[in-house]
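Copied over from TrEMBL, here are the features:
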BINDING   B:35, B:69, B:150, B:183  Mn(2+) 1 binding site
BINDING   B:66  Mn(2+) 2 binding site
BINDING   B:223  Ca(2+) binding site
């Protein structure tokens with residue numbers, strides 16, 4: 001069950017409202033690297049968690065924290081949009097100042113649809129999409145999904161930090177960047193508990209003898225010019241999971257040219273497709 | 001530039017066509033864990049790669065291989081759908097056999113829209129979505145995205161392997177599972193070259209002194225009952241990136257209750273929202 | 001800021017796991033009538049709220065409650081999917097029992113993608129979409145959006161209640177149905193405070209004298225057979241908002257046939273479109 | 001069956017073409033508050049209407065009118081885009097004037113994809129989505145969906161009216177705003193016929209004795225600081241539907257910590273998840 | 001402006017309601033080959049039409065007809081869903097008959113979300129998407145889009161016709177199939193007026209001398225095995241547009257290996273990507 | 001199976017980087033008229049092709065070529081975005097130059113999400129959608145889909161060509177425009193082989209005697225004013241497919257007003273909908 005405090009997890013202050021920056025912040029709310037995604041991702045992982053309960057509990061802790069981050073960012077968007085108000089009042093001589101604001105890079109829906117508030121969308125107004133919420137039922141796979149989310153999320157946050165000179169916004173982002181540092185480490189800590197590199201290949205519960213072992217540790221080059229083996233970690237030596245040895249080979253078709261049956265009558269293909277397969281190669 | 005051979009990378013054989021299994025295979029084609037995603041993801045990462053060219057080259061190699069995997073899976077779908085044909089011809093006494101087939105779990109669009117062939121969609125017919133293609137411009141973040149894609153992808157492949165008793169299909173999936181083993185190792189090999197855990201926090205080019213350092217390595221509990229510190233890797237000891245020490249704390253609001261300005265006239269809020277803020281708390 | 005208790009808001013018990021019912025429950029999680037929608041909708045309305053703070057506070061209260069409802073439903077999905085396990089173990093003689101389960105109406109992605117857990121999607125596997133989160137900045141419009149969400153949401157919940165005979169599931173749904181009763185009343189209570197019917201037309205801050213008043217309270221029939229005025233509340237008497245009198249009229253074009261300029265050269269229309277407009281009518 | 005007249009329902013005149021305003025108008029065409037949504041929503045409600053035919057007939061009348069509104073707005077977009085032409089011809093000295101126009105806030109796809117015409121998308125180019133069409137089979141729920149659509153739609157229209165100084169555009173919007181006034185009243189009139197507030201809780205055909213009655217009229221606070229009961233309509237007195245009495249309480253978990261079974265073998269979770277549940281709490 | 005008659009364009013009769021067939025019919029309503037798409041496509045083409053008005057008028061005629069087709073299909077869905085009612089009443093002994101129906105292949109949202117009526121979605125419940133509405137501003141391109149829509153649409157309709165034995169449904173589909181015959185011919189008739197094959201390449205208003213003419217009529221083989229020229233219309237003789245001669249060649253890279261600049265500091269790539277480009281090839 | 005050469009199919013040179021033009025190029029990558037669509041469309045048609053193998057082979061050839069076009073365009077986007085770097089360094093005096101760039105019309109996600117590289121999205125940042133990939137199983141329908149894709153694609157390319165003065169970009173686009181010329185001719189060549197206009201109505205394998213023949217070649221006017229027959233190819237003479245004679249008629253309802261059964265109890269409609277149907281007309 002969930003509870004709230006009216007106060008924010010960290011202070012959100014906008015010194016100079018900037019409707020354009022409000023648009024950029026949307027990426028951190030409703031974008032694929034954003035906070036709605038990690039919030040739902042950690043919570044869905046917790047709610048579906050099977051196995052040691054300590055992981056469920058931890059996911060619940062951090063999933064809950066992420067709601068607070070959405071809240072901070074939505075507040076920041078609303079405060080930045082108050083800049084739209086200023087210009088409308090100040091530049092009342094201009095023929096249609098709202099349009100000017102919007103045309104200067106603001107998301108027009110911040111005014112048209114939301115009345116100067118945040119939306120569940122990214123910096124281009126593309127709505128948040130539930131398909132981004134990854135909860136696979138495999139704990140190690142999920143932890144990698146989480147590291148990835150925090151790595152792209154922290155990269156986004158640093159770019160936002162770079163995009164503003166507002167001290168309040170820089171401070172808020174510096175907080176969120178720090179939390180992303182922790183969260184990356186946190187998911188890596190779980191991976192360490194799960195065996196680190198030797199947890200691979202994920203899932204580790206599938207019997208590896210069922211794989212086509214001849215290609216399980218082989219870098220297959222698809223370069224038509226068949227270049228020599230490059231000097232790289234992935235072409236030589238023991239594999240990272242410690243369960244094989246890297247090799248390098250030039251790819252070549254191991255299968256045949258596929259042959260499909262002719263169309264069935266009920267599929268209403270064109271009549272010309274119905275002729276005998278043998279005749280038409 | 002790209003080229004093809006008409007033969008498949010690996011043999012695709014369906015011993016007993018099964019339209020229901022065709023539907024399941026769609027998840028591996030057009031689902032978020034599927035091959036269109038990794039194919040485009042590796043190619044977009046290659047085409048946008050900045051920095052050492054060896055990574056660009058490798059991404060191009062494997063991105064190209066993934067096209068061959070889409071091809072194999074689409075062929076497998078088409079062959080499994082030839083089972084729909086069988087039943088239609090055999091059970092011609094039934095009042096409407098196509099509907100029966102479809103109602104037995106086949107994706108109806110395999111017949112209605114594709115005439116017994118694969119589609120760029122997942123196992124529920126939800127179309128592939130370009131937002132799943134992650135290419136962040138940060139090499140380490142991208143490698144984590146790739147490990148995650150191959151971890152969820154291999155998990156999917158093992159579940160598909162479990163869902164069929166067809167020897168041909170099991171063989172094809174055993175090949176794809178093996179390739180996922182390699183690809184997980186391959187992306188981990190890049191991460192090892194980039195420094196392994198010490199590459200974190202990603203991006204490592206952002207000056208960490210700009211973070212709010214007090215919360216950069218702290219597990220913040222949001223549990224209302226303030227439980228004791230759990231015994232876990234993420235609450236004690238040196239952080240995984242080696243740059244901090246894990247601490248544990250009970251979260252508490254560090255910000256204030258947010259105060260937004262009243263609506264602007266041009267926003268056409270309800271008149272009752274326009275009253276003086278101070279009066280209405 | 002947000003907190004949680006590991007216990008659920010209300011008990012979730014599944015007496016007889018049913019993977020098919022798990023699929024139906026998804027509509028209440030990630031569907032347009034579902035709990036992710038109302039949760040985000042109330043929270044975004046709170047976070048963007050301008051005007052009397054009491055409404056912000058209330059939205060925050062109930063938005064937080066809705067997270068607990070998502071949690072309950074996700075737990076219910078996971079428990080119902082444990083039925084998939086049973087059948088797999090019991091019917092091990094069957095050639096591929098997982099496929100049979102899936103083909104019996106289970107969402108295949110519950111197994112393939114989630115490993116027997118809930119997803120942020122609806123009953124057909126269509127992902128949750130952020131566009132459903134309505135927060136317009138006009139409090140009365142938002143309250144109507146909320147009444148509508150709870151009305152369609154409660155209707156969905158009663159249909160789910162009808163679709164199961166499991167006592168545990170019926171109990172959980174009876175709780176959620178009751179909460180929807182309260183929430184409908186709650187949003188209506190705000191509307192009563194805002195003036196009830198006389199709050200219309202929304203927004204009430206737009207000067208009505210700017211409307212084309214001749215059509216502001218007129219039912220315009222578009223029926224080609226020009227039927228007589230029906231006996232109905234919307235064709236006679238004072239309008240519901242008390243600001244006009246309903247009239248009834250047969251629609252007729254008040255505009256002209258539109259005339260667009262010919263294509264510009266840079267638009268690369270077909271050459272045949274470039275001829276003089278006057279000549280080609 | 002449907003018919004048309006080549007003339008528009010109301011005159012559409014653009015005095016000074018403005019490609020930027022064309023972009024804003026898209027929200028009223030293909031946005032969630034737009035005319036495609038209400039058009040399809042009323043028509044689908046009519047086509048699926050069960051019960052008294054007078055409601056079906058009315059929905060058909062107004063659904064048909066909304067097609068005329070889409071037509072007016074699409075014409076307005078096309079006329080506003082003729083401004084793009086002017087600037088291209090006038091500013092021919094500039095190196096690439098089309099790009100300048102586009103970069104000045106025009107939707108680039110208005111030129112690139114549509115050749116200066118309207119599209120079935122919103123102001124950010126996000127396509128219209130059929131999930132917005134609400135037709136629940138419950139007449140009262142649908143009427144609330146319609147009031148909500150007209151409330152957010154009229155709010156949008158007033159903001160568009162505010163965003164232009166073009167007399168022709170202001171006149172067209174003043175017509176549409178007036179129609180939204182009527183349509184809000186119209187759906188409210190149906191709700192009055194259905195019993196007004198006493199129609200709640202919707203659906204009113206579900207036996208309320210099946211609800212968990214103890215929470216059916218209770219405002220549950222989720223505020224961690226347990227504030228005192230606020231002075232508000234929704235915490236005291238008879239409920240709006242007249243069927244209960246509002247109470248106020250501090251939320252507390254009524255359920256338990258959920259316990260899921262360990263993963264099944266066929267789910268290919270990580271091996272570490274398979275250990276005995278009891279041992280790992 | 002638009003009008004309606006309450007009667008349908010053609011009779012819709014369902015002799016034996018079939019909820020499963022209702023699901024299949026959805027593809028013809030809200031699928032990419034469906035009637036909402038062609039309806040909006042022809043209307044948007046009409047509303048944005050520039051050039052000879054006769055085409056605008058014709059598009060308006062047929063776009064209006066398509067609304068009547070959506071109406072027929074939605075009625076057919078609603079009537080087929082009345083079969084769900086039957087089984088619920090008849091098989092009341094079964095523990096949860098609605099679920100059984102749904103699990104037998106019915107779209108669960110037909111019951112859960114729509115109360116036994118049609119939705120703006122396809123046969124898998126994927127919502128209609130406005131991106132499918134093609135109106136390019138080039139009349140010939142649009143006519144090809146229309147031929148394509150009617151060709152895939154008629155193919156779908158024949159497959160639906162094949163999927164039912166209900167005489168009423170077969171009759172309705174036979175009507176729609178006939179209309180698709182006409183519409184294919186109609187758009188081809190416009191193309192004939194525009195010059196037929198010689199209208200290509202579309203757009204014909206772009207000066208062909210600006211193309212890289214050496215590859216404008218050349219079939220470029222990308223087959224790694226460099227097969228001999230096949231005997232086919234597209235490798236020999238005058239091109240279909242009459243403006244070139246088909247040739248056949250084996251593709252070979254005409255460009256170079258691309259070289260991107262190293263990442264900018266503000267992009268926060270990984271530090272390892274920042275090294276000097278020359279050094280790392 | 002697929003292979004690559006590191007060199008591009010054609011040279012990609014950007015003389016003056018332009019982040020705004022990078023945004024426009026996205027339409028040709030991830031838009032509905034773009035190269036990902038045609039690439040996947042031709043490959044899926046090939047992989048599902050049934051009937052004469054020569055068409056499969058050809059589709060494979062050209063589908064492979066299209067990957068090379070995506071590659072060229074992604075490279076062009078990355079090179080154009082290097083302009084963002086320049087301005088950031090040059091205009092370092094400005095308070096936040098990145099925001100200025102973005103607000104000048106650049107896609108903000110090119111910086112925020114991709115670190116100055118291409119994305120699988122259109123010019124408005126809307127992600128590529130797999131529903132655009134048309135492969136119907138009917139060869140003639142597919143060829144029309146392909147002509148349409150190349151017609152709208154070439155129109156887009158000419159508009160992009162018009163939108164830049166950069167010689168390198170104009171050269172690359174001139175190459176792509178030429179390839180679109182060939183591809184239009186190529187698909188038309190298949191249609192010629194399949195019988196040209198006489199291949200219609202598509203599918204030609206459906207027995208036309210099953211159609212409602214009275215309306216199969218009739219232009220049905222839906223104009224309420226019943227205009228006279230226009231002088232046009234589609235109202236007179238032999239139909240284009242040579243199988244009928246065009247006629248012209250004024251549409252009139254051939255069906256009746258639909259009558260749906262009242263709601264079922266389990267649908268939880270509003271009680272007022274349950275009354276006897278006969279009484280409420």
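A Cβ is built for glycine as well, from the same backbone N, Cα and C atoms used for every other residue.
TrEMBL does not curate its annotations; it predicts them automatically.
Feature map: annotations from TrEMBL on the structure.
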residue	record	DSSP class
B:35	Mn(2+) 1 binding site	helix
B:66	Mn(2+) 2 binding site	helix
B:150	Mn(2+) 1 binding site	helix
B:183	Mn(2+) 1 binding site	helix
B:223	Ca(2+) binding site	strand
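Taking the Cβ of the residue listed as 'Ca(2+) binding site' as centre and 10 Å as the limit, one finds 16 other Cβ atoms among all the protein chains shown. A Cα-Cα distance of 11 Å separates residue B:183 (Mn(2+) 1 binding site) from the residue listed as 'Mn(2+) 2 binding site'. Each of B:38, B:39, B:62, B:65, B:66, B:149, B:153, B:176, B:179, B:180 belongs to the same chain as B:35, B:69, B:150, B:183, is absent from that list, and has a C-beta within 8 angstroms of the C-beta centroid marking the Mn(2+) 1 site. Counting every protein chain shown, the number of other Cβ atoms lying within 10 Å of the Cβ of residue B:69 (Mn(2+) 1 binding site) is 27.
Those binding-site residues from B:35, B:66, B:69 lying by chain A, with Cβ under 8 Å from one of its Cβ atoms: none. The residue listed as 'Mn(2+) 2 binding site' sits 6 Å from residue B:35 (Mn(2+) 1 binding site), taking the C-alpha atoms as the reference points.
Between residue B:150 (Mn(2+) 1 binding site) and the residue listed as 'Ca(2+) binding site', the C-alpha separation comes to 33 Å. Sequence-distant contacts of residue B:35 (Mn(2+) 1 binding site), defined by Cβ-Cβ distance under 8 angstroms and a gap of at least six in the same chain, are B:28, B:29, B:66, B:69, B:70, B:73, B:153.
Proximity to chain C, taken as a Cβ less than 8 Å from one of its Cβ atoms, holds for B:223 among the binding-site residues B:35, B:69, B:150, B:183, B:223.
Taking the Cβ of residue B:150 (Mn(2+) 1 binding site) as centre and 10 Å as the limit, one finds 29 other Cβ atoms among all the protein chains shown. Its own atom aside, the Cβ of residue B:66 (Mn(2+) 2 binding site) has 24 Cβ atoms within 10 angstroms in the protein chains shown.
Over all protein chains present, the Cβ of residue B:183 (Mn(2+) 1 binding site) has 25 other Cβ atoms lying within 10 Å.
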